[in-house]
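Listed in Swiss-Prot for this protein:
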type	residues	note
DOMAIN	172-279	domain 'Fe2OG dioxygenase'
BINDING	HIS200, ASP202, HIS259	Fe cation binding site
BINDING	ARG269	2-oxoglutarate binding site
Amino acid sequence: MTVTKIEIPTIDLRGYYEPTSPTSKEEVVAQVRAACLEHGFFQIEGHGVSLEVQRNMLAACKTFFDLPTDQKAELSLYKNTWRRGYEGYGEQTPHHAVLPDQKEAFFVGRDLPEDQIGFLKGPNVWPEQVPTNQFRGPVEEYFEALLKLGHRVMEVLVVGMGHPPSILDSFTGNAAMFLKLLRYPEHTFTDPRVFGSGAHTDYGGLTILLQDPGKHGLEVYHAATEQWIPVPAVEDRFVINLGDMVQRWTDGEYKSNLHRVLNKASGERFAVPAFWHGDLEATNPLNPNDTSGETVQDFIRKKFYRDYSLPLAEEKGTAVAV
């Protein structure tokens with residue numbers, strides 16, 4: 001039986017933001033909408049994030065993960081309640097997975113003072129032994145660039161749903177976003193159930209993924225043909241996918257799709273997903289007829305605890321991780 005070859009589309013955003021682009025704004029909007037309807041995934045070029053900022057971010061990943069294990073463990077995210085810091089190998093098992101993920105991670109969010117600690121809110125933690133220009137500086141610069149990119153991508157999404165960009169005013173004013181720096185070891189495991197990241201959906205708004213160029217591994221499930229579609233790791237190209245919140249808030253029109261990672265490269269593989277959720281206090285901007293009053297925080301909080309079998313605890317009293 002012949003298997004239909006499916007690819008995740010690549011879209012040049014310059015057609016939307018640059019008047020001199022040969023692609024029209026309407027074409028870009030239509031391409032993004034089609035990808036959201038079929039895959040819940042698309043790749044973007046012409047995004048406005050400099051190649052230098054991307055390369056510095058990946059170099060910062062290597063700098064951190066090359067630290068001795070005991071130094072990384074000192075920054076464990078289990079030592080705080082707002083999900084910042086280091087997560088070691090095997091410490092996460094996605095809801096749909098059988099075995100723990102074979103990866104290590106480091107989480108960064110908006111850097112807030114301790115008197116503002118709350119659900120997913122608080123200060124970042126940093127490795128003091130690493131010079132600022134080798135880690136914290138590049139990470140913070142990348143964070144700011146991705147905050148802006150998330151806003152731009154969301155604008156294209158809502159225009160594709162027939163809404164004016166202004167509908168996002170309250171949603172993007174103080175958008176919550178989290179970086180998850182990742183290192184996957186070389187895949188030498190013989191158990192076919194072991195993955196760098198097991199099959200899962202993301203449960204927030206947008207995910208914007210930076211991949212280590214040439215280090216392939218991401219696969220997206222295509223239900224209609226029951227196949228896993230490889231998404232290549234190409235320099236200066238981001239992978240965008242929609243989370244469960246977008247699927248819910250569009251009444252299932254836009255997809256939050258299963259995906260997984262199996263490191264197919266020789267040697268280690270780095271990746272940096274940015275989870276861009278919008279303002280935690282904002283309600284649904286994607287469906288003006290939604291009268292539920294559910295906020296971004298309401299949705300994420302429920303998924304956060306349910307998917308990881310954690311009790312509904314007070315954030316200031318119990319350390320939790322996602």
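Backbone N, Cα and C atoms are what each Cβ position is placed from, and that goes for glycine too.
With the fewest other C-beta atoms within 10 Å around its C-beta, HIS200 stands out among the binding-site residues HIS200, HIS259, ARG269.
The DSSP breakdown of the domain 'Fe2OG dioxygenase' (172-279) into helical (H, G, I), extended (E, B) and coil residues amounts to 7 helix, 46 strand, 55 coil. Put simply, the residue listed as '2-oxoglutarate binding site' is 17 Å from HIS259 (Fe cation binding site) when counted between their Cα atoms. Rounded to a whole number, the C-alpha distance linking ASP202 (Fe cation binding site) with ARG269 (2-oxoglutarate binding site) is 20 angstrom. Each residue contributes its Cα atom, and for ARG269 (2-oxoglutarate binding site) and HIS200 (Fe cation binding site) these two points are 19 Å apart.
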